[in-house]
Ligand code: AGP
């Protein structure tokens, strides 16, 4: 959840680290801090509650150095404050640590250290690590860090500096991402390539249990036990500009606007017209194995879970394999029956979400086959899965997911088509779906052109205290995702219900002050959906419909282009992303960094 960046080389380090922190701020943004090695070898630290700009304002004039580490925080242990901001130092101010993750046995270790006379300066779990490293008996910094890590349980991505070892930064990873950036006589480290790509696209991603020593002109990787590991740098797929706002006012707007291009990318090179199917190179699932799959269980959190719900419907419809989606966070705690004939699919934009990763690890421990549907290449979930497919949405910086949702659903449509064509989906249905997929980018562009209308509607509805979102079958996960979008970015309370459940309770909420957003596709359930609109209107409810034709009972309709019934959910969510965006804008919200949230939830 937090962002880490570090540098060792010849350049003035503070501006580099501040720039890196700005790029990582989406990972956590309640406080930030920086430590550098000063001219006479001392560690110089500045910390500030609030955004990176608050930290920047506090950096003194003379703050020069060529080695440093920095951090932007999303609080877990201890409220956001100057004291709790990272880096944390040991008692002698010799060791500085920045940390992403959670030390589970921190209270126990803190009690022991306190009993031994250590005075703590913060409420964080991370400070425990700084003291442990400071007290370690080993001679080298590498050994001191691994000695300390042996005492801790939990997850970490850490970067450590030590006054007595000014020529190096030592980093370690267990469960929280650490990426090394390899430059010319300079090295970087970060929790995310976003902080590095402006300087180098050559990266090494550490695996769990791995550590690295960075010196200005050299790096080496090894296990926490000290055995050397091989690290071959790879080239980051994305240019530095892909992480910029590109002329938009917010990342959310940029990412909504990029969707036609992103969908085009996930389709590119995968369609096989001859056999009316698609090729998904990394699935590692032979046709015979695919035919033997009896069930599919999709696991994800938040928006990815909603994308998985649509994915499960697509797989059932096209491949006729019973499928469902479940929040990974619930699944892992209910001691689920792990069935050998079930194929598990973990879905995650970041590929880091702790609950999803933990579910994958538990499934693999029990011998299950797990595929990943992931956006971030080389991320923990992608590495842990037996195979899978990337969704190729490109970097998504806004905390609120938009383009990645759309691309994930398209990736599921490809998976469903692939499985369907191995099983019983006919050539003509295969062709029909392929044609539908090909129409998507153009139709997305059409929807995006209606933004001025949607903006007006958003302003009209922005005074609502609460909104209901309804949809039936294919429309229900669309409603759920749209309601999540609205609540996380505008802070308006929103809840989603299957339209069929209205009479069983939520109808009691309907009154003029409680608008309903209804998903009304032109499919075999159109009349049923219209009946729901009648029921709401009869109780003086205001209705905004997203439909393929104007809905008479609705106060307003956003008309979207029609695709194949199975693919309609991909398009119907897009206007509601814009609706959430413009509602939040009208209410003056901090769109890219909603309160209390962070992009990658790497803790439970
Ligand atoms: C999306 O708008 C949310 N902020 C959130 O629900 C997110 O989708 C969820 O935390 C899962 O993240 P992931 O896709 O990176 O695993």
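In case you wondered, yes, glycine gets a Cβ from its N, Cα and C as well.
Annotations in TrEMBL come from automatic prediction, not curation.
The average pLDDT computed over the domain 'Glutamine amidotransferase type-2' (2-217) stands at 94. Taken from TrEMBL, the feature domain 'Glutamine amidotransferase type-2' applies to 2-217.
Residue 2 (active site, nucleophile) carries neither a helix nor a strand DSSP state and counts as coil. Taken from TrEMBL, the feature active site, nucleophile covers 2.
As annotated by TrEMBL, domain 'SIS' applies to 285-425 (among others).
The domain 'SIS' annotation in TrEMBL covers 457-594 (among others).
The local packing around residue 599 (active site, for Fru-6P isomerization activity), expressed as other Cβ atoms within 10 Å of its Cβ over all shown chains, amounts to 27. Residues annotated as active site, for Fru-6P isomerization activity in TrEMBL: 599.
In this structure, the C-alpha atom of residue 599 (active site, for Fru-6P isomerization activity) lies 9 angstrom from that of residue 2 (active site, nucleophile). As a summary of secondary structure, the domain 'SIS' (457-594) carries 65 helix, 26 strand, 47 coil according to DSSP.
Of all Cβ atoms in the protein chains displayed, 29 besides its own lie within 10 Å of the Cβ of residue 2 (active site, nucleophile).
In the three-state DSSP classification, residue 599 (active site, for Fru-6P isomerization activity) falls within coil.
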